[in-house]
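Encoded as structure tokens, the structure appears first; notes follow it.
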Amino acid sequence: MTNVFHHVRNFIEQQPAPAKTLEKSSSPNILYTALPKHWRSNKSFQEPFYVVLLTPVPDNTEVSIWAGNDEKPCEEVRNEKAKVHRQVAKFNDLRFVGRSGRGRKFHLTIVIHSAPMMVATVKNVIKVTVDGPRDARIPKPQGSLKRQAEQQTIFPNDIIRTPGPPMPMTMIPPPWFPLPMTQTFPPSFFPLISPGPHPSISAALWKIHSESMKTPIKQKVEQENVSLNTSTCLSSPSIFITPTSDDRKLKRPSSPRSITKSSETSINLIQETPESVESKRRRNVSITSSNSSSPTIWRPF
């Protein structure tokens, strides 16, 4: 018995670090080296497969391996036989040719042909398929999605991950709040805002945001529209005849006095701005120049 433990100890010390892990079987006297969880059909393993015996067994005793499950009780295994040498049976090129099936694994049966015969079984040892272990056909990069979600957040990670009381509803900014920090914001704008419910802050921020988004072309167009609205019309003002209440009762045409009175009340005199005066002069000059060159053609500009 002392020789058995001596041989087993020497075997474990001589093996590299990955092969030192021995798995237990249904028999306490039979151990085996770990196998991969998933493997390809008819492919040799990277490391030899060992069966270690803790009971004294003479050398050159045959050890065989059987594989199967509920659907396939006995599948083909190549190089499934080995000889015992110093309590260790080494399988150099063990291959599982049969396939365990979809979602199923092989049960392993280790048989030591000694007197008496010893049998050990291990359930759900290895899964054998045609392709072997491979990546999914439609990968789901969960890590990249999480990174994109973190990048889309408006707050830094240290603020989000720190545990603390929930933020009150009055302090949560609207979705358009993260504006670019440009020259449109004066330096003294942010210190003026104190924490607390301010109903006029959102309107002020929206106004500042809309003004900051205006382009030079848009501002120029707005200025031109304002100048056109305030400029005076060169054509003669139209005279509106508004019948009085007496005329309506008598059903007679309105008098010339009412015509003059209505014309005075209907015409609104607009104060001329420097821009409107310049535009008026420009139009007058263009009219005179066009009359001097060709009196039949009128050129507004």
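Don't overthink the numbers, they just go from 1 along the chain as shown.
Just so it is clear, glycine is given a Cβ too, placed from its N, Cα and C backbone atoms.
Lifted from Swiss-Prot, the feature list:
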REGION    40-44  region 'Interaction with DNA'
REGION    95-103  region 'Interaction with DNA'
BINDING   Arg99, Val130  chloride binding site
REGION    128-137  region 'Interaction with DNA'
REGION    237-301  region 'Disordered'
MOD_RES   Ser255  phosphoserine
COMPBIAS  255-276  compositional bias 'Polar residues'
Across all protein chains shown, the one of the binding-site residues Arg99, Val130 with the most other Cβ atoms within 10 Å of its Cβ is Arg99
Per the Cβ filter (under 8 Å) with a sequence gap of at least 6 from its ends, the region 'Interaction with DNA' (95-103) is approached by 39, 41-44, 67, 69, 71-72, 75-79, 126-130
Mean pLDDT across the region 'Interaction with DNA' (40-44) comes out at 92
